[in-house]
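S.K.: I grabbed these lines from TrEMBL:
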TRANSMEM  B:108-128  transmembrane segment
TRANSMEM  B:172-200  transmembrane segment
TRANSMEM  B:258-280  transmembrane segment
TRANSMEM  B:286-307  transmembrane segment
TRANSMEM  B:314-331  transmembrane segment
TRANSMEM  B:343-373  transmembrane segment
TRANSMEM  B:385-408  transmembrane segment
């Protein structure tokens, strides 16, 4: 029982897959519409277009126009209040050429079953994440990113869960589960557990972060393998970008995951029918849900598929780092509040030279103006940069960002001339107190929304914030402070990430990768609303600049 | 007398207490920074009105409540234009005077709200300036009568400190992020604050009739300023040298006069509202809504969570308990703080903004503006740091936990209410400790007090 126990259906699926094996140039919209209609689905299309703020060199696109095609399988006897989504991104080339075929085969099989209680939407999105964003915005009637899309003609109910397929070959050795979504949001752990349990039942190898889990937990190598897997998840979550098409569903409170088929050098290979059975089983389980998945954790880190670290374990670690900042701030408060030694008359000097609000306000305002410049200038001045320098637009944006960042380092020498309370002992203490509290609150809020990003920033910024005073040796401290700044943290993270994936890069390749990461970060913000770039530019960088200011106070 | 501070050694006071040439120069000197401050505040608000943040802020539950939201005012105006009573449909909960005010100025709404903030700031500025003069005069007389022991001279305020306090008060109000957010969201809380500020100004100036009229307007807008009657009466009696003694006829006569003016104006306003709209619809929609709390949208107050999970059977009981809680503190506080009526006004405003049924950050901004007036006490307070950190952290955590609850679905109402509770506890802590210090300070003024020396020694 189950999918493809019927030999006719099996042959039909294999025919379909072989036909789609040829590379697709652009999206075959009419063919998809006809095929889905032939399978008895209600088919609709949606057009969308978007001009990126600057060309995306990784995917080589700038002015994107596309069409999403989706077919709705209506539940035979249920009211149309809930829906499930199965999506496969359609990209030209070999990248994902089997997923659409599998999707269509499943659609044909699902159509003949009577047990569906929710509508199933089979979505083929164009231009992967951009198309998915357009479809989701159209479905939920929101428009947060300024994309231009045609309204959806057909709709299911509220979407309960979604799975996205990425399949590049018709035989796979393992299925990889991708959970990290936009802004580090994760689906409910129940979804991951469901997939893993079902894979084990069927006998398909399941991996996470591309790594297979090991059984020897006690040995050092087993433990370090688990740590590596977890660190990969931390890095991916901290980047704030969706690592699969499912990443955009999470924002609408829809539990979603991406399933990738990996074909590596293993003896035992699984064919497409087993994957089909796997997906059929997943959808039958999701069909039985009475309410949205909410019982398990939303905040977790996975060293392997059968183990997880919940928020109750990892938040105290972050809390201890934040306490360092608060203790330092308390120490400064006590130093500031201690009254100065009394004069000979026995009267305390009432008119103390308090630094006044102005000497603290000036570095704050100037740092935030620099942060605002870092946020706005790269995009605004890319045309001007392209005219004057022989670079492409993407390079112009990234290099302007780096230039503004480095120019900010020259600030202490300028703000001092504007300060009235320059050089006073009280002045830098007050500024450091404000900066420490600002950093503590900022890191706390970041950790609540995207724990990995908050933790990585805390690891690098808290030591810098704690030790910086005008009295430490200048050159060494300046060097350490620059190493611990957000930009260098990102650079080291890029190299570390490549090491963890066992694809180490040379320095030059790493540098190019770093530049592309910056450009992707800026694009993610404008295309999907990722918060990493504005957070770093408008809040974290000015905070770091305040500490830089304190270092050069005298 | 060698232990006296320098400014009191000469016979002449260096603090211009009356409009003389020095006084006028003083006014001119202070007018320039105040004008600069007003220009800066108006610029910030105008810039924010033009940006895309204005719509975002107007939807935040911390900034607008069902009785102050601009969207509802617009809805009420639309209903009025259609000839339907604006109170039908349970959307609009403002008083008829507000709806008629906006009927005429709806095209200039942004200017109205900025003007309200400016009026509040100027009223507070002038009120605090006058109050400082009186405090200084009292202090001078007490010093000359040798009522202060020598070792508490550090509590005596110098004119230089007090010179900048009115400007600081205006700055604390205008540049407070809470006030700016409230103004940009076009929350009518700004108008309520303006009326309360005018009431405070007229009370401190000693004008009984205006004080009663503005208090009546404030009560008409939202019922809770009723509790400000007591400090107003105490202050005016103090100013007119009427002793606060139950057995004196002058005491009761003054109370009768004030209450007559107050209740008379209230009666006039209520009848005027009836004639404006031709029906008594507004009474249940405005006052019934404030008192019976039917709308349980989360906000920074304490009511919504309790009443969301309460059984219907007990609702009336708990409603009474919560509402009495706001009014209850008037009597003990008035008894304790009858020598310091302006501080009592501050405490009452704090109590109202914490315990009222639909508080917003605009209410908090009003009483926070008074903090510089008692800045001489802060040196002796413990835990200022902790309270300020908690307030700052909670203010930033409100939108984060709201996002995690409503949008990401990973938190729930308990997290948001926890932050609300923490915020309110920190707020309660702050004026409470100031009060403790003020009382200790007031004890030093009584001569030959046996506790005097020990109080001064354990000055923490």
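Glycine too: its Cβ is placed from the backbone N, Cα and C atoms.
What TrEMBL says about a protein is an automatic prediction, not a curated fact.
Please go over these features one by one and say how buried each is and what sits next to it.
M.R.: If you look at the transmembrane segment (B:108-128), the same-chain residues 6 or more away from its ends with a CB under 8 A from one of its CBs are 34, 37-38, 41-42, 45-46, 49, 70, 101-102, 165-167, 169-170, 173-174, 179, 183, 186, 190-191, 193-194, 197-198, 200-201, 203-205, 366, 369-370, 373.
Long-range contacts of the transmembrane segment (B:172-200) within the same chain: residues 37-38, 40-41, 44-45, 48-49, 53-54, 57-58, 60, 63-65, 67-70, 73, 94, 98, 109-110, 112-114, 116-121, 123-124, 127, 210-211, 214-215, 217-218, 221-222, 225, 228, 232, 345, 349, 360-366, 368-369, 371-372, each at least 6 residues beyond the stretch ends and with a Cβ under 8 Å from a Cβ of the stretch.
Long-range contacts of the transmembrane segment (B:314-331) within the same chain, counting only residues at least 6 positions beyond its ends with a Cβ under 8 Å from a Cβ of the stretch, are 224, 226-227, 230, 291-293, 302-303, 306-307, 347-348, 351-352, 355-357.
Distant neighbours of the transmembrane segment (B:343-373): 62-68, 120, 124, 128, 131-132, 165, 168-170, 172-173, 176, 178-179, 181-182, 187, 189-190, 192-193, 196-197, 200, 203, 222, 224-225, 227-228, 230-232, 234-235, 290-291, 293, 295, 299-303, 322-323, 325-326, 329-330, 333-334, 337, 395, 424, 427-428, 430-431, 434-435, 438; these residues of the same chain sit at least 6 beyond its ends, with a Cβ under 8 Å from one of its Cβ atoms.
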